[in-house]
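Trainee: As annotated in TrEMBL:
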- 51-128: coiled coil (COILED)
- 418-446: transmembrane segment (TRANSMEM)
- 466-486: transmembrane segment (TRANSMEM)
- 556-574: transmembrane segment (TRANSMEM)
- 589-609: transmembrane segment (TRANSMEM)
- 621-640: transmembrane segment (TRANSMEM)
- 660-679: transmembrane segment (TRANSMEM)
- 781-805: transmembrane segment (TRANSMEM)
Amino acid sequence: MGSLFRSEEMALYQLFLQSEAAYACVSELGELGLVQFRDLNPDVNAFQRKFVNEVRRCDEMERKLRYLEKEIKKDNIPMQDTGESPEAPQPREMIDLEATFEKLENELREVNQNAEALKRNYLELTELKHILRKTQVFFDESVHTISYNATSYKSRRYRQMADNQNEDEQTQLLGEDGAKINQSGQNLKLGFVAGVILREKLPAFERMLWRACRGNVFLRQAMIESHLEDPSSGDQVHKSVFIIFFQGDQLKIRVKKICEGFRATLYPCPEAPTDRREMAMGVMTRIEDLNTVLGQTEDHRRRVLVAAAKNLKNWFVKVRKIKAIYHTLNLFNLDVTQKCLIAECWVPALDIETIHLALRRGTERSGSSVPPILNRMQTYENPPTYNRTNKFTKAFQALIDAYGVATYREMNPAPYTIITFPFLFAVMFGDLGHGAVMALFGLWMIRKEKGLAAQKTDSEIWNIFFGGRYIIFLMGVFSMYTGLIYNDIFSKSLNIFGSHWQISYNKSTVISNKFLQLNPETADYTDTPYPFGMDPIWQVAGANKIIFQNAYKMKISIILGVIHMIFGVIMSYYNHTYFKNRLSLIYEFIPQMVFLLFLFFYMVLLMFIKWNRYSAKNYGRYSASCAPSILITFIDMVLFNTPKPVPEPCEVYMFGGQHFFQTIFVLVALACIPVMLLAKPLNIMKQRRQGNVQPIAAGSTSDVEVGMSNGQISQGVDHHEEEELSEIFIHQGIHTIEYVLGSVSHTASYLRLWALSLAHAQLAEVLWNMVLSNGLKKENWFGGIILTVVFAAWAVLTIGILVLMEGLSAFLHTLRLHWVEFQSKFYQGKGYAFQPFSFESIVENSSSSSQTEGE
């Protein structure tokens, strides 16, 4: 737990690796995930680095694997995932992997091309089959229909032609030689073309024929009922068969160009019925043969994909590990002999022995006889921040890192957030029923976490819920506790121990009066408090309920807020002492603590004094009617106002000498402001003049620098530029104003605990009274049906509004209280995260990004 309270001690090491052993050693470090390498070639282009060819080969292998993955997903073939992570292959195994992927890609592309060609041929034959069937109907129709339609196309030639054709039989539309002689003795020939076109293009196609041919063509069309498959895209399309009659070569050329422009497919169609029948029989035979060949092709393709699906996940992992290793090797430097690689890396000081063992394993795997050399370097560079976490603390650490990564070795708020975050949330969300729903949901995710984690869904909302499953569970448990304190379960109470208020009214009085009061001065109150939480009678109180809960929850919010802020200031003490920052300890921590204690913690003490001394059972100056207002008392104290006189026997002060102590407290608190504002900058200026300390680094709040000896702060030589005194004064002024004004605003900000708690309780009461109570009032069997429907609506609204929406609202307010009100007292958050070279994170990020691209 030491590293959880403060980030790990980090050390900068220089690593010397023999060229033959570098790959294996980096592979072992990647499996370990404890080393962050620095780029020693920042000015070298990515295409000019030593291992750029190996990286390109890995990119090419990844492209082939993505192609295989796309084809496998297209056929809905399940990919085997054992959950195990294979080791990174040796460099010589890259050739075998490349050959395997090349063979699979070529075979699959060849199969796909053959299948596409066969499907295209099959489509053409299918369209030809429909043309032969549909055009038979066109040719068998009455010639009088042609004559009538020809008239509608404003063509007298067609009418004369149709009249002449009435003399011929209907078995052949154009005659034996396709020529007729009109009444004027001219020899006319009626030509035609037949084809298939997309159904949605047919209206525009018909209008274009009409306009381009000026009505001198005759178009017939019929829909193809069955769907046709596009061989290129695999989509199902709707098409129609058409036949166009025309006269002359000019119209023929024009019609064919229009068909080509609309991407209509033309097919040969014999004029004679016998020829059409023979062609149709031949087409059906070829279609049957193609069906057989297509089935065999699909079976072969599926066998190839099924075999590839068994190893695809492992292949992806292997290739990504190889690529990550060569990317890392590109960060290294080569020595002059070209036989040694030099690297610099950040390492947790506690894991040095583990890293030595990993390097030794890598050297043995590579067969090298030269051991790697790991030398510690002295540096004044800020190390990365590394907080070791587990599956429980990871979510809480993520909340802190979302605000800002901790400065190296400063106090980490995460372990305290584990308690304070769900507790402050529960103060706003306090309800035994709603808390139980939330706790059960979190407990379900915890119990099923292995199976749910293996699913790896892309839903961002679900991933957020699942990642914070332990936070949700603790928030639910704490909400159950505060629900018991409030004695509130779905806006009702649990009368476990029996109310300690005794109702003395008779039945007629209760029925005839809408508002009744219970007097604590009389025997209505047993003078013993309810054993745990609020007395259940407050849930049935009228206007008194809101008045009582307002006073109680508002004071509780201020008490919790002041204690939380004081705890934050105490955390700054541990930062100053650890970094040996004497000036900040004396001239920042002490006046800040005094300012907070003498003003706001004193106000908290007044609340406890008022609760302890004033009661309805007391008489004289300590009766409930004589209790002074805490807010008015605090305002008068800060403004040095004389309190207004009160009637006897009441007194304006709660205890003797209160006015004197309050005056001293305010004067001391005000005196702390110039100390916070000027003391530290003036001492720095004095020390600079005397030359007793080194100049202060720009942007640093410490008067010493980070050393690398056992993780402590040494009085080392400062290599940073000296910060100007004017900047120090400005920085200290901003910090002082922010703290003084923030103490007031932050204290008021904790009133959100009171506001959201009341809002949550009132919403729950509204849902009960406006929804569920309507079903409970019904009687007989019909009432049971109504209650079932009403309960379903009430449950949906409770989960959707009170648990989800109100829970999210309380979560965000709690997050703000930690980020702004608590962490601003001691947490800088100016560090940068430790990002070790880890195969686990690389493979996980690559998998999630590939899934996102696939969708």
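Backbone N, Cα and C atoms are what each Cβ position is placed from, and that goes for glycine too.
Have a look at these and tell me how they're positioned relative to everything else.
Mentor: Within its own chain, the transmembrane segment (556-574) is flanked in space by residues 411, 413, 416, 420, 424, 427, 584-585, 588-589, 592-593, 596-597, 600-601, 603-604, 607, 743, 746-747, 749-754, 817, 821-827, which lie at least six positions past its ends and keep a Cβ under 8 Å from the stretch.
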Trainee: Which of 466-486, 589-609, 621-640, 781-805 shares the most C-beta pairs under 8 angstroms with the transmembrane segment (660-679)?
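Mentor: Comparing 466-486, 589-609, 621-640, 781-805: 589-609 has the most Cβ pairs near the transmembrane segment (660-679).
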Trainee: Given the cut-off of 8 Å on Cβ pairs that are 6 or more apart in sequence, determine whether the transmembrane segment (418-446) and the transmembrane segment (781-805) share at least 3 such pairs.
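Mentor: Counting Cβ pairs under 8 Å, at least 3, so yes.
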Trainee: Checking distant contacts: for the transmembrane segment (621-640), what same-chain residues at least six beyond its ends satisfy Cβ-Cβ under 8 A?
Mentor: 520, 555, 599, 603, 606-607, 610, 613-615, 646, 649-654, 662-663, 665-666
Trainee: Give, as a single whole number between 0 and 100, the mean pLDDT over the coiled coil (51-128).
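Mentor: Averaged over the coiled coil (51-128), per-residue pLDDT gives 90.
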